[in-house]
Amino acid sequence: MGKGFFISKVVAVVCVVVAISAVATIIALSVVYAQEKSKNQETPTTATTAGPGTQTTTPSTPKEPWQRYRLPDSLSPISYNVTLWPRLTPNTDGLYIFSGYSTVLFTCVKETDLILIHSNKLNFTMFDGYHAQLKAVDGASAPQLKKSWLEVPTQYLVIQLSSPLQAGSTYELFTEFVGELADDLGGFYRSEYDEDGVILATTQMQPTDARKAFPCFDEPAMKAVFHMTLIHPHGTVALSNSMNYEPINITTPDGLNLIQTSFGPTEIMSTYLLAFVVCDFGFIQSDLGANVLIRIWARKKAIEEGQGAYALEKTGPILSFFEKYYKIPYPLKKSDQIALPDFSAGAMENWGLITYRETALLYNPAVSSNGDKEWVATVISHELAHMWFGNLVTTKWWNDLWLNEGFATYVSYLGANYAEPDWNMSDLIVLNEIIGVMAVDALASSHPLSSKEADVMRPEDINALFDSITYSKHFIDMHQSKSFIICLQTYLEEFKYKNTVYQDLWKNLQTVMDNAGIQLPHSVEVIMNRWILQMGFPVVTIDTKTGKISQKHFLLNPDSVVDVPSEFNYEWFVPITWIKTGAAKDQYWLLTKEDMTTGDGDWLIANIDMKGFYRVNYDSENWDRILTKLSTQHQDIPVINRAQIIDDAFNLARAKIVSTTLALSTTRFLNTELEYMPWQTATRNLDYFVLMFDRSEVYGPMQGYINKKVTPLFKHFEELTANWTKIPEKYNQVNALSWGCSTGVDGCKELTTAWFKEWMDNPDNNKISPNLRTTVYCSAIAEGGAVEWDFAWKMYKSATIASEAEKLLYALSCTKQPWLLNRYLEYCLDPTMIRKQDATFTINYIAGNPIGQPLAWDFIRANWAHIFNDYGGGSMSFGRLISGVTKRFSSEFEYKQLLQFKEDNINQLGSAASSFEQALERTKANMDWVALNKELVFDWFTIMFTQDVKRC
């Protein structure tokens, strides 16, 4: 999937790759995807049942098969024939429902007198007192049904038989059912748009919600062929994974005239990839005669405005790129991509019908920013990458989710780079993926990429895996390795339409390398196990005086206790690259090398372009040489490594490995830096200082120091843009404007408020550059009051372009008026005001405001039960919510509040349980860091600010 992080717009390892020097490079990718795409969906605990039977509570140690969360291996599905009829108007009880019937054809693999098939929140028609009908195929006789019931805790329809099914025989199970077409963003659900309340029906099955649409063997290894039929009103269109047959008109027994659309059989695939939509959307499509029919679907107004044109333009080239990269043709006849008004993730890779948030598929050059465009291209590429890696070849179980998502995150940059070669996507990988995920993986409460199957059983366990670790921790610099590409191609060819475990990829790569005569210090599996079976990563320490290189498990809080043992003792096989005085050196595995010694004045930097997933520390003399080089000729250091130096230093300081003043000193050269990556990395790290100190006396001199650093950048863009009248396509202008206004650079606030006032005077003509709108809106609303806020709210509610609405949604959180923030929080639990898919982000936006943070914390504590129960079906990422609202916590009082809240809601944490542990760990680390550094930081900023003022 894509942005769940949204991501929060939902990390994964892919493969060790040997370049020409026979080394494996390791890194991390895609936190934005993790945010956008992560889908920490909560599992319902109740359901309505029909007819006789019992509902039992699953004991802690299950004794019966139906009390276990995993299906037995006695049955294997072959195909499903499913007909569904969603009602797009409420019934007499005010409920939206769907009805349907399904026949699943399955083989008995092992003799059994029990049928377990997943079902959740479905009400069944009873047949002679049973929930289903069973018959044998090919003239054989089927056993009689003995008893049936719905096992709610494990989400099964349980059928006990009077005699066993015979191994090798084939049977059909027929069910008829009704479900609610809820607005919970999971399974078969409804979405609403326009002021007139137009309703559409759509799906989100991953990971465990196909069972909410129809009874099915809802596990990834239970692949089958699906024959879908949808019944829908005139004026609507039905879509599914396959091409449809000619729709026919039908009349129901009660006289309703409807359309029935049936679809061709799918390829053999997992239930979580199934999708179907009933809507009144419009579309644009690729040229007739193309090998693959590409269609972009969206609201008719969005299509008429050309918002789908960019997606259509880029989908074809990206699809062609992957066909060549994988050396396997795209297996389907069509690729539909649809933008949905309500969607919990960023996107979902349903085979042949990819579903997206509107912000991830639609683009309007008049309103959307460069960042919006980059997001669309990257998400499309991510989902298309899944058509092979994930769909054609699927992991056996969710514990290896990282293999699907991590690989897709990595190659999404390759596909996007092919479609947009001028964007230099390899640099953006570092910012978007590596740096962000390292912050999470440096916690003692992190988790390994791969878990044991036995540790991932319940739906909430599965949902918890959709995080930044799973999406963004990967191995990179792989596509240039011929060995890796051959490995990948042969792996996909060998396992197409099948399921795999991660060892299959390692074995395949080992064979390729052995055939090529490539030597490694250990086997592929031995090397890779250290990266996927233990959490975290190392800090590599280089003493340039002695040449000694060492490694240690890097923990952001060195006092935290790692209570998860590792058979590898938290040591890794680390490939080291470095440059010395500007000259690149050979790559080695982590060994002591004499070449590491330097002469007087020589500087050394390791981990070139951050292609390795580790942090680097040096002896104090080398740090001094690096700081001197930054202050005198920073261009001699590659731009990615300038960003790396800043990020490593700040994180090493938080871990008490280097001094905080050393970390702060890596920012002193920024008044001469114009490149985006160093500035953006400094921004992210200084944001931590803002979070810790924006309520203390440190804030004043800190703002003064940053003001002096950003003023030259602001003046640079002021000159480059002819006093901001010509806006270039450069990311760093946003940093110049954002820091300029927040730190009081002369003329900045006046500029943004004037632009916003001009828009207020003429709402139909917004002249603010799309690239600057987020910053301008936020700055103007922060400086304004209720009038500005109400205007922005009105513009948000009337916005027809999702990316514009998202900018306003964020900017509304920037107000300094507590009563407006409280009102905004209340809107978050009213779907008519703020869509459920956006509620998490909005609360977190408000928590990002120092005035709004305590308000947001009080709000979620007061409303947790409502949030958990009413927003628990996939629309909220609870982990993201806890992380966002508590990120400022740095006092004993706040720590105790968080701990008490966790204890009070111990039975209503769901997939957020691990996030509470991470929040507690983070808060403890913040407390220690502030106590240790507050006075020191205050003095440093005061001295540096005074020196800068004197120079001026």
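Heads up, the Cβ atoms here are built off N, Cα and C, so glycines get one too.
Annotations in TrEMBL come from automatic prediction, not curation.
Features of the protein shown, as given by TrEMBL:
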ACT_SITE  GLU383  active site, proton acceptor
BINDING   HIS382, HIS386, GLU405  Zn(2+) binding site
COMPBIAS  43-61  compositional bias 'Low complexity'
DOMAIN    77-273  domain 'Aminopeptidase N-like N-terminal'
DOMAIN    310-531  domain 'Peptidase M1 membrane alanine aminopeptidase'
DOMAIN    603-924  domain 'ERAP1-like C-terminal'
REGION    40-66  region 'Disordered'
SITE      TYR471  site 'Transition state stabilizer'
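Here GLU405 (Zn(2+) binding site) is positioned 10 angstrom away from GLU383 (active site, proton acceptor), judged by their C-alpha atoms. The recorded positions considered are GLU383, GLU405; of these, GLU383 has the fewest other C-beta atoms within 10 angstroms of its C-beta. Counting every protein chain shown, 33 other Cβ atoms lie within 10 Å of the Cβ of HIS382 (Zn(2+) binding site).
Each residue in the domain 'Aminopeptidase N-like N-terminal' (77-273) has a pLDDT score, and their mean in this model is 96.
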